[in-house]
Structure formats: C-alpha cells, structure tokens
Amino acid sequence: MRRLRLVPAETNWDFFRTARITFSASVVAVVISLAAFLILGLNYGIDFRGGTTIRTESHSAVDVGAYRQRLQELGLGDVSVTEVFDPTFESDKHVAMVRIEAQAGEEAASAELVAKVEEALRSVDPTIVFTSVESVGPKVSGELIRTAVIAVLLAIAAVLFYIWLRFEWQFSVGAVAALVHDVIITIGVFSIFRIQFDLATIAALLTIVGYSLNDTVVVFDRVRENLIKYKKKPLVEVLNLSINETLSRTVMTSVTTLIALIALLILGGDVIRGFVFAMTLGVVVGTYSSVFVASTILLWLGTKRDWSKPDANQGNQFSTSETP
Amino acid sequence: MLQIPLWQRIVIWGLVAIGVVLALPNAFYSRVERHNDAVKAIEQGVTDPQVLADAALWPDWLPSRLVALGLDLRGGAHLLAEVEVEQVFADRLDGYWPEIRDALRQHRDEIGTFRRLDGPPDELRIRISNPAGLQKAVEVVRGLASPVVSLGSVGATDIEVRAEAPDIVVVSLSEAEKAAITDRTVRQSLEIIRRRVDEVGTREPTIQRQGERRILIQVPGVGSAAELKALIGTTARLTFHPVVGRTTDPDQRPGPGQIIVPSMDEPGVYYILEKTPVVTGEDLVDAEPAFDQNGRPAVHFRFNPTGARKFGRYTAENVGSPFAIVLDNEVISAPVIREPIPGGSGQITGNFTVEESTQLAILLRAGALPAELTFLEERTIGPELGADSIEAGKLAAIVAGIAVLVFMALSYGWFGIIANVALILNVAMIFGLLSLIGATLTLPGIAGIVLTIGMAVDANVLVFERIREELRTARGPARAIELGYEKALSAILDANITTFITAVILYVMGSGPVRGFAVTLGLGIVTSVFTAVYLTRVMIVMWFERRRPRKIEV
C-alpha cells in the first residue's frame, strides 16, 4: 500500500550547517517585532483600552464615510468604523464594526450613549440592526491588561520550571528562548499589520506557548534518549540525529494542526478570525523555532554527557551528576 | 508480549462508552432542551398536554445534561457591576454619631463642648473645646466600639478612634468592619439581583460574585444589556416622608432634619421633606402593577403588619396634609392624605407607562439594593450573531475533522483508520465531559475543540512514528508495537503536561470566553492522551490478536 509521506522515511539533514544564518534571521525578526511593538504599539481592542464596540448588520452596502461623519457629529471623541468582510457572509449581508473610545468619567457606556449612536446610524441606514454591543470601562480594561501580562509570564515561568525539572537547565533555556521567540514574533506581526489585539489574542498566545513547547519537548525527549544511547557522539551529531528522527512526527503534527486551523480560519467566521490567525502563525513559527532556535541554543550551551549513572534523581535538578 | 488484561479492556471501553452516552444528548440539542424545560415545568406542577409531549421527546433513562452555550453563542446580556460600598461605610459611620454624641454629653465637665466637623466621608471628626480632655474623649468613644462578628477577624472591633492634636477626635471604621460590611452588602446585592432577575423569569441566568465587591450577571436571551441594567441597576429604595414644603429653588437650605428632593415628573420642582421616613420599602410585602380610578397605570402595594400600623397611625394623625412617595431620591408623587389608611395597602400613581409600573412593581417586590452599582463592563450579543457563530464553528469543525481523517488515513493506512476512530470517540468524550461538569461552550471553546482535533492526533503520530522506527530494527511486529507505545510515552506525557499547564493558567487567569477555551483545551488534552495511550492500544492489540500478521505496515 502506498503511503502519503511528507518526509522521507530516513533523513540525514544537517540542521546546524546554516545555524548562524537561521539564528540571525530569528534574532532580526525578534528585534523588528520588538521595535514594532515599542514604536507602533498594538491595535488594542476594547478589552484592553476601554470603550464600546457596536457590530452592525444591514442589507445595503456599508457606507463607512457616512457612518463616520454622522457619528463624529455626536462628539464622542475618537470613533472608528471598519467594514468586515467574510467569505461566510451571504451576498446581502453587510457588517461593520463601530468603535467608540471610553467616555470621560464613565465606566461602561451608558444606555443613552448607545441609544444615541444607534439612532444616528439608523438615520444613515434604516435597515441596520445591531447584533452586538460591548462596552468595557477603563477600570476593568486596566486590570485585564495586568492579568493578561501576568498570565503569559506565569505560563512561561511554569514551563521553564517543568522542563528544568524533567531535563537540564540548558534544555529549559532553549525551550523558553524558543517560546519567547514565538510569542514576540506573533506580537510583532499583530503590531505591524494592525490586527486587533484583545483577550482572545492572549488566549492564542498562551496556546502558542503550549504548542511551541509541545514541539520542543518532543525533540528534547529524543535528544535525552540519544544522549544516553550514544555516549561518545559529539553533541551536534546527537542533536542532528534527534531532529531527523523526530522530523517526520514534527511535520505530521504541524500539518494536521494547520489543516484544522486553516479550516477554522476560512470557515470559522470573522468573530474569531484574529484569534485563529494568531494560533496559525504561532504553529508555523513554533515548529520552526523548536528546531532552529531551541536546539541551536542547546548546542551552544552544551549539556552534561554522562547520563548513565544510576541516579534516582536522574534528569532533574537534584541530579548528582555534574554538568560539564 | 502484547497483552492487556481483560479488566483493563473493560475499563477502557467502559470509559469510552460512558463518554459517548454523556455526549449523546448534545447531538439532539433542541429536542433535549425542550425535554429538560418540560421536565422542570412538570416538577412545578404544570400538566399541559404540550408540556407532556415535550417531556416525551427524550427518554428519561438517558442522560439529559447538555453543554451550556456561552453568551457569545446563544446571545444575551453580560454585565459586570461593582457594588459601591463606600456610601455604605459612610452611612454606617453616620449612624454612629447619635450614640457618640450621647456618650460624650455625659462627660461634658471633662471635655467641654464638642461639635462634629465636616470632613472626608470615611472619617468622623469631632472637635472638643477642652484639649485637656482629649484623652478622656478618645476613651469614651472607644468604649462604644463593639466586636466585629465575622470569620477571620477575631478580636477586632468595628471602629478605630484616634486623637489628633490638639483637640480633635477622629473616628473611622476598622478594616475588619469594612470587610464585614463589604461582604454583607455584596451578598445582599447578589440576593436582590437574583430575585429581580428571577422575577422576570429568564432561563438559566448566571449571577455570581467576582472578587471582593463585584458581581457578574449573565442572562441569555434578554434583549440587551441596557434592559438588564434598567432592571438591576436601579436601587429601588422606596420611602414615605412627611412633606414640609415645595420650592423651585434647588439651592434652598432645608431646615435641620430636613432634606430637599427633586420631583420626578415636574421639572424644576423640589420638595422639602422630613429626613426620617414614616415607612420604607422594607416594610412592603407585596407590590403589583394596577390601574388607578382614572385608568392610569399605577402600582398597588401592601405593608406588613408593622408597616401597616405605622402607616395607619401616621395617616390618621395627618389627614389633610401631603406626604411624599420617594423612590431613589426622587419624589414620584406627593398626594394629600384624604382619609386614614388603616388597611396597610395603597397605591402609587405617577406618570407611569404600563411597562414602568410593571418594572417598579418587580423592583419593589424584590427589595431595594443595599448600595448603588457601577457597571464596569457590559456586553450584548444578538442571538442571530450567536447562531451564525455556531454555524460557522460547526462547519469549520466538520471540514477540519474530515480533512484530518483523510490525511491520517493516507499517511498511516490501517493504523491511521484506528487513530481516526479514536479521534471521533475523543471528540465525543470531550462533549461528554463538558456536559458532565456543566461547562459552558464558547466560540473560542469551539476553536479549542478544532485545535484539539488537530493536536489529538499528535500522540498517535508519536506512537506510530516510533513503531515505524522500531520496525526497522526488525524485532517482529508485536515487539515493535509494544516498544513504540513504551518509548513514545515519555514524549507524550512531557508534551501534553506542558500544554496542560498553560491551559490551567488560562483557566485561572482568564474569564468568560477565554475560560471556555481553556476548558475545552484542557479536557481535550486529557481525552487525547487517554485515547492515544489506552484506546488506540486496545484497538490495535485486539486487531493484532485476531489477525496475527507476520508483517505490519504503519
């Protein structure tokens, strides 16, 4: 029976021949992302900066200019109107998102404010309906930012600790460098392309943390096994062998996950598109980084070679064997 | 060699069967939902033939728990309110003043005269005329403190008293008392909000405390957050006051013990009232919408015996003079007492619409909120948008599922098909578990399931790839399968535990939809490890035992 093979049964590619180039590329990408984040900032959704979003649906085409003009007359400060397109919409469904900044001295938007905005929009297009109205006060949005940042840092710390416990500290550094790389690049792409960054995006970032690790850990698990098996082989060869051995699995898993995510990206509707996009990006970058960032760092840091000692704490930080 | 004891097989298949049976109701969602509603109605004594027919839609012996749909899928209103306890603190402190005054009066010879100073609302400042008696004054006031009754604050007293040189006594509430008041106030608010929402009779509202002084209210199906806010955001403190006078000048200074309150219907008109009410809404036992003799909407109310007695006595003594009905610091109406009202019931008339009178009756029945609410967050999701999201999510999940199934079958042949069966059972088990623990499915939650579909095969892929490798060293298929499972285990566990850690952190730190995602992701990890490590293994072993192949191809 013929099988679909994405990767030949046995490969023997040298993943570290171009280590300098790939690693530099990663560093450049991270630096650009950080710069974008610092200079451009993120296009925060109302979850993080407070304010009100109103989703409108209508049978006639959205006239963004007219919407905006009518709303500006109300004097509500910063108002943005964007039309939403989606392949799952029927041809006579026209959707727009209206965003109004948090009003001074108010937490969640008052009923009068929302009524005023709805009336103004109805005067532009009488068939308009409001399918969702969401309002977050500045008090909560501040807390949400804080919790989100804590959540991401906590996740990274927890994982750092777990890997340190299960492997050696060098593995831990490699794995965490890889996932920080993935998270920063995802944030950078969100910043450069001005994609809305909200609570769901944070959930996506944490999933990326999980996925990136998942991938790295599988490679590292094999590295540990091969280090025990081939005591005299140079580390670079052990790493190469391990990556080659797990390559087929790495590619298979990434492809099945991407298949699922791409289906969701195209068909899942516009409400979660940002969320799914972040995860798709994260899976691609995460797969790359487990090979080219995590393993490269492990190679440079080196690791202990004598794993053979019958040590009850073998492989964890209580291990008695010395790291070279 | 490849052996799994019978009891293990029974346990594994048993767990799968339980998961599938628990998931079953979700496949017939609207049918089971009608059944559940009908069963609830029958419990309350409804015997409508339609209800009985609905109840028969789903057999009683099958589980009937459904995965609850989040607001983003079902539509509804979400509010996050903060209880303004500061006002309650200030009131509590104010309430202390008469007692302090009386106590200090008895020691006038030592402390001289004294008066209350204006100050911040969280302090009560008293200046005494004889600075030498400051210590004595502090002692006297301290003597009034009473212990706080609450858990975790043993030995604490309710007020703190300190001297501020040269001649001021400062009284403030202790932290323990503040905590106790906050707790009590938030709990009362929660109860009142629950009663009000229940009065409207919507299905499955979520009303829960969040943090120290916040309340989260989620009501599926309500038209908008604004409607919900009108229902629960009103304090609804009803009081009846003697009227002293009427004025059009809001800045007029009322006399001692009097307050000035605007009229609800007549703009620019203010009433001067006695501060102490004759009766309050707390003495109400019932309120219902009605019409007055002119056919205008009104609210009919009834007092409890205490309220009725007080009200009867007051009206008997004050025939001919007006009294004001005040709701949340606005005079609804100020009728003149024409005759004594001994029966304890009465009517409130104002410029109401029928909706307003119905709403007011609900609010009065449910009772007044002990403090004002500020709304920090409000979201309304239209049911159409929710339905669209479900459709889109379903379609994406089906397409993703089929694509992954085809891909797995093409890559691993027969083993891929086994993994596919496991994957389908895996998704069923996620739904079973979600129903069992009463979790809520949100839109990101659907994304979590789709992601699980993609990632669940990972564990199988790890095993299959390992079996392929072991086959190359040619120690026979049975040994290869055994080694494949054995050696892949550590990678499977490490990889999934790390992902599980992030799911737990998401659950703890996240809220609402994000939490829904964390739940499906976490459950997905548990079920996919179970299916990969146990279920596919049992399936492969059973197949292997029957066929005894010399050679296998993975």
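Just so you know, the numbers here start at 1 and follow the chain as drawn.
Keep in mind that glycine also has a Cβ here, set from the backbone N, Cα and C atoms.
Feature transmembrane segment, per TrEMBL, maps to range B:488-509 of the set B:444-465, B:488-509. Using a Cβ-Cβ cut-off under 8 Å and counting only residues 6 or more beyond its ends in the same chain, the transmembrane segment (B:395-415) has close neighbours at 423-424, 427, 446, 449-450, 453-454, 457, 460, 464, 467, 540, 543, 553-554. A mean pLDDT of 83 is what the model gives for the domain 'Protein translocase subunit SecDF P1' (B:186-243). When DSSP labels each residue, the domain 'SecDF P1 head subdomain' (B:262-371) comes out as 29 helix, 40 strand, 41 coil, counted as helix, strand and coil in that order. Mapped onto DSSP classes, the domain 'Protein translocase subunit SecDF P1' (B:186-243) shows 23 helix, 18 strand, 17 coil.
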